[in-house]
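Note sheet for the following structure.
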Amino acid sequence: MESEHQFYPPFRAALLPNDRFIVFALIGIIVVLVMVFGGYLGSGGTMGIILKALPFEMVMIGGAAAGGFILGNDIGTVKASGRDMIRIFKGAKWTPDDYRDLLCLMFELIWLSRQNPVAVEEHIEAPGESSIFSRYPKIQSDAEVLDLICDTLRAASMNYDDPHQVEEVLEKRLEARKHHALHSSHAVQIVADALPALGIVAAVLGIIKTMGAIDEPPAILGAMIGGALTGTFLGVFLAYGFVGPIAGRMRMITEEDDHFYQLIREVMVANLHAHPANICIEVGRQNTPHHHRPEFNDLEAALRDLKKSAA
């Protein structure tokens with residue numbers, strides 16, 4: 001789309017959307033490492049003590065963090081956290097084209113339900129076999145989206161006296177879905193918050209070890225204390241340089257994808273209020289995030305083509 005050319009002109013021709021997220025994530029990692037260790041080396045520091053202590057400190061801090069993570073979460077959250085961490089290199093699931101397809105799909109369903117309420121039932125009862133849903137394979141493959149659309153259309157066919165009843169049910173359903181989807185980022189953020197304290201634990205153990213060798217020469221004691229302090233450094237460094245930003249990015253992606261489900265709610269609520277199909281879709285378009293929002297003329301042309309093909 002035109003807006004993508006404006007936002008990413010240097011990368012559009014060379015990189016796919018997922019490649020951009022991978023590149024930006026790698027740039028962030030490299031910047032953190034280069035700035036921290038580059039500044040340390042530039043000030044005259046040496047990596048010898050850090051590298052010698054790093055494996056053991058990493059085992060203590062990383063192992064305790066992993067163990068606490070497993071202890072504090074169920075298997076579903078652990079698996080979801082792994083999937084969501086991978087998504088920081090892929091970005092949000094739903095693209096601008098998907099938002100346009102969703103609006104077109106809902107237009108077709110609303111239009112058909114107004115023309116022939118009985119005919120739409122075969123599509124919402126078996127969306128996996130529907131000729132309408134099959135035109136949008138990515139949406140059709142998402143069970144959660146299908147359930148939300150079909151359940152709402154099914155509720156609309158029950159002739160509720162007050163559309164606000166369905167709106168309230170949708171609101172609670174989407175709120176619960178978002179709360180569940182954010183579990184993984186919340187779990188990772190708890191790990192980030194715990195890492196500095198775990199670094200102190202590792203450092204204290206290093207000091208205890210040093211106190212057991214108090215009769216050693218100052219040079220040896222200095223190296224041992226430096227190794228112990230590596231634990232404090234590592235805990236804070238991992239928390240604020242990597243794990244915290246990863247948790248924030250996971251949350252950002254989850255919240256961005258939530259707009260897709262909110263869009264379904266906006267269009268379906270407009271439909272329940274008996275607005276014309278075009279108005280329902282325009283309500284949805286206006287509530288689409290600006291960087292995913294299809295242009296009015298482009299969407300209007302797509303809807304006209306759908307009307308012609310249905311005629």
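Heads up, the Cβ atoms here are built off N, Cα and C, so glycines get one too.
Automatic prediction, not curation, is the source of TrEMBL annotations.
Broken down with DSSP, the domain 'Motility protein A N-terminal' (26-115) shows 75 helix, 0 strand, 15 coil. What TrEMBL records for 26-115 is domain 'Motility protein A N-terminal'.
Taken from TrEMBL, the feature domain 'MotA/TolQ/ExbB proton channel' covers 158-251.
With a threshold of 8 Å between CB atoms, the same-chain residues lying at least 6 positions outside the transmembrane segment (21-43) that come near it are 11, 15, 88-91, 237, 241-242, 245. Under the heading transmembrane segment, TrEMBL lists 21-43 (among others).
Residues annotated as transmembrane segment in TrEMBL: 49-71 (among others).
Under the heading transmembrane segment, TrEMBL lists 187-208 (among others).
The transmembrane segment feature in TrEMBL is assigned to 220-243 (among others).
Outside the transmembrane segment (220-243) by six or more residues, the chain places 29, 32, 36, 49-50, 52-54, 57-58, 60-61, 188, 191-193, 195-207, 209-210, 213-214 with a CB less than 8 A from a CB of the stretch. Averaged across the domain 'Motility protein A N-terminal' (26-115), pLDDT in this predicted model comes to 93.
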